[in-house]
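Down below is the structure, laid out as structure tokens.
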Amino acid sequence: MDKSWMDIRDRTSMDYRNGVGQFLNFASQHAQRDGTIVCPCRKCAHSTMLAIDVVRIHLVSHGICRGYRRWTFHGESSSRKSSVRTPSTSVQENSNENSNMREMLHLMFPMHDMVPEPMEEDMASDPVVGDPGVEQPTQVPNEESLQFLKLLKDVEEPCYKGCTKFSKLSVIVYLYHLKCLLGWTNKSVTFLLQFLQELLPSSAKLPKDCYEAKKIIKDLGLSYEKIDACPNDCMLFWKENSNLEACSNCNHSRWASNEAGVPKNTNAPSKKVKKKAAKILRWFPLKPRLKRLFMSPEVAPHMKWHVDGRTNDGLMRHPADSEAWKSFDSKYVEFSSEPRNVRLGLAADGFNPFSNMSTAHSTWPVMLVPYNLPPWMCMKRAYFMLSLLIPGPTSPGNDIDVYLQPLVQELKELWDVGVETFDVSSNSSFQMHAALLWTINDFPAYGDLSGWSTKGALACPSCNYDPQSCWLKHGRKFSYIGHRRFLDSDHEFRNQDREFDGRKNFSQAPVVVSGSEIITQTEAVVDVVFGKKKDNLTNKRKRGEEALCIWKKRSIFFSLPYWENHMLRHNLDVMHIEKNVVDNVIGTVLNMDGKTKDNLKARLDLEEMGIRSELYLEEFGSDKTYKPPACFEMTTSEKYSFLQVLKGVSVPDGYASNVSRCVKLKERKISGMKSHDSHILMQQLFPIAIRGSLPDEVSKHLIELSCFFREICSKVLSLEVLESLQKRIAVTLCELERIFPPSFFTVMVHLLIHLTDEAKIAGPVHYRWMYPIERYLSRLKSYVRNKACPEGCIAEGYLAEECLTFCSRYFKNVETVFTRPIRNVEESTGVVLSITLDSKSWTQAHRYVLFSCDEITPFRTDHLKELHPNVANDVIEKQHMERFCHWFKYHVLSMDVEEREKLPEKVIWLARYPDNEVKRFKRYVLNGLKFRTKDSEANRKTQNSGVSVATEGGVTYYGVLNDIIELNYSEKLRYVLFKCEWVDVDSGRGYKTDKFGFPLVNFTRLIHKGDRLIDEPYVLASQASQVFYVEDPRHKDWMVVVKTKARDVFDVGTGASSDDDVDNFCENVPYTITIDNAHDVNDNHAWTRRDVEGTIYEAPLFVERELVGDDNIDDEEFIDDVYESNDEFTDDENEDGEELNDGSNNESTDDES
């Protein structure tokens, strides 16, 4: 539709009047029942409904609102693709960049993109405005309108005289986008702007430095507020306390100690010195940020995905499938009746913003995650909203509620009142409300946010006041055993005493505490005084008082009207729990100094408890102590073989970091693992390595523990599987109690028992664990350029990226966070060579293409019928393989014209043979997976040559990729094929499964080598799945198969469920061990190993008995990486001559799993 008439200044001209007529004809199709439409003239500014004839008069008298390029109030779709614009001037419409910027402004200012009065220069040259009888607008533009006018002027102004592609605004936005995307410093941007001023004509309209550019960009973004806080975390100088000079609780000055407003120069007392607050909370208001989710045409429609796009088949793929979500909807029907109301998750964690970790500083961001979005958008960095930035240098701890006040007040308003929001997808406004579902946090932060003390005898918040912990006298810490109460009431383990802690256990599992019960329990701490002033430490409990009240406070979240009724309020973090469990297991089975839970104190505690006498310490001579070897200890050779398996692991590109770098063969230990390393180790590699390194009665239970983590981390969950998993983990923990000493069972190990309950309530853990949050903290850390003001750097960096994230959606042909290539670009091939295949290989490849096409099946049947019927089947099959290609070509070409016309065009092209010359690739990317030939990865740390193909008969073939070629059928059809070495899975010589269910392959036993014409070494690339092989030196020539899968693959339930529906890190294959063969209650357990030498310590036993150290309640209970860096995935992107990355310092793409 031609809109050039809107730019005509002479409103008396025929072109302008004809344009008005075209507009009214279009608008009349979407008029109200009474025939009225919204008047878009400059006076009415879309505020009045008028008859069409009256609107015609207004448009001629006052003109149409400037910038109203998309007629969204008159029926034109808000989608960018639906509006066809006809160019009128070289500056305004010939530029895609300018039109995109203009469209962005309309969405950012939905009620101000139609300006109620023209610009001054337009008024001066306007032939109509000012005429007698024409009423002049007298309304003064508000601040938001003036802001829009300024931006609109910048978008209309060309970058320099004669420039038709970029405006002043688009250039600044583009440059600042590059700054954020590539991490440029402010100084580098200033230098670039100065260079551009010299390079471009003198008429160039560019800011002189980065500071000026930032001021322009700031108008496009949102803001934050600074709120002064008491340095002792007692209170905020906010609302009614905003004018106080000192804390009303501890009397500490509000201002920094050396800058209390008194100037150092006493000779100039009249000079006013600006005071500097001692501590500043930065608050990023939530309402405008939620409103922006509905301003983008790409995001707004997805905010209703949980209603419109979700599949209801009983499986849980998203929090919207969970019982917690459904329960909330049923309790608050009015809220759930509007699908655009936002459900939020709150994440909080502390991190050190400095690269020098020796500097003690803890900054606490509080972030919000919208859960309305579908799985492929939810938990992505672009949709995280920073809400609060709590300053360091100390952690807020229990006083975090002081800083949460602005956010909680805003959440109350969003629940009670809501905020009017324009939804660009429906071109309408609605009253948006929001609710907080739960918090995402590590275990220490769990205690800070909930108020429950996560230390001591009652450290488990799920068990509440009903724990079964015991105090270890010599270890000086609590042990969280007693998992038999989670078993069925008639389970045989309950009657056993010798195998466990010396007592039978018939107690019942604790009951989940409701919100109303928590309110009752916290009555005594409702009026707790916050702050870290010494006078406030009277709130601290003495030992023994924790039985009275373990709560440190009533959480501020209970002031939300709905918080009490939530089924789950705070999440246990699977990421950190898994990390701590792995460290416990690895440190103990390898007997690592300082890491093992089976130390001298642990043995003395066994003696104190009167259990497992075979493991008691013994006197060895007069001055030494002997520690008998436990059943879970390894010999030196077993440790070496265990570590050698892990040291030799090579995984596919992007699958994980180089875990082998953490293995120290000489020291017989593993160290330096990040959380994701522990994730991969526990769920994939540890079960493979532990086979044969420990007795089966020990290793099978550790493998079962690995199976638990794999299943609980699945992207798709079902209640039936979770119910079974709950029973299995209870038995597994009991089995581990029979194996490991009580000191092994820290609270983090105990929390495993509650993970399935939370999964049943809240759904998959991927939406509730800390992996994406920790990566986001690493992003925030990258903003820090000035170490004197880390929080200020983070706040300004976040605002800039938040603004540019929104603006980048309107960049065309520019790489942005939304358009940047994925890690493995589809069909990326590297170097391409043209070769000529030999006759045998050519026939094998062509034949496999034919046999893989369903359209060829009838021809194969006809050919088999023509062969001699009295010949043995294997001879017929051999002749069929050798002759079919030639027969098929001449059979099709010999058909009549009428018969051939009935055939699919694809069949005719296949019959004409592919070209003899084919393309050869070294690598090929398909479905997000990178495949490489075996020869090309000889010097790499990654393994991308493993291939598997599943047949319709249920047989899976495993092989190694040797060649990648592309067949070309006269430029009409192209097929990429993989040529592989295939192990013999048919006869069983090359494939087997061990007693734990691990698939093993032997590449000394091959089939289809390609030597014979009837061999089938090729498969279509589209049929191949990726695997990698782990070599086990303990089983010569045999390798364990591990299946992989591309990242960011989501099953949304639109098709049949298959093995492809679960995450590659979480598939429950290949482990087929079951609860029946894993747990035998009649085992006559052996506590010691006779084939392992014990340990001799250079200290008398009586000295060890008398050594009782300080309480260890807070030590070794929780292990954290401080923050998760991005070195979690191996990367071998470079192909030809570039530096090869060994995976030791790799940077992952944003938002990986």
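Each Cβ is built from the backbone N, Cα and C atoms, and glycine gets one as well.
The domain 'Transposase-associated' feature in TrEMBL is assigned to 3-76.
Per TrEMBL, region 'Disordered' is recorded for 78-97 (among others).
The compositional bias 'Low complexity' annotation in TrEMBL covers 80-97.
Taken from TrEMBL, the feature domain 'DUF4218' covers 712-824.
As annotated by TrEMBL, domain 'DUF4216' applies to 965-1041.
If you look up TrEMBL, you'll see 1118-1153 (among others) marked as region 'Disordered'.
Summarising the annotation, TrEMBL assigns compositional bias 'Acidic residues' to 1118-1141.
Confidence over the domain 'Transposase-associated' (3-76), given as mean pLDDT on the 0 to 100 scale, stands at 81. Residue counts for the domain 'DUF4218' (712-824) under DSSP, split into helix (H, G, I), strand (E, B) and coil, are 75 helix, 1 strand, 37 coil.
Counting residues per DSSP class in helix, strand and coil order gives 33 helix, 8 strand, 33 coil for the domain 'Transposase-associated' (3-76).
In the domain 'DUF4216' (965-1041), the DSSP tally of helix, strand and coil residues is 3 helix, 39 strand, 35 coil.
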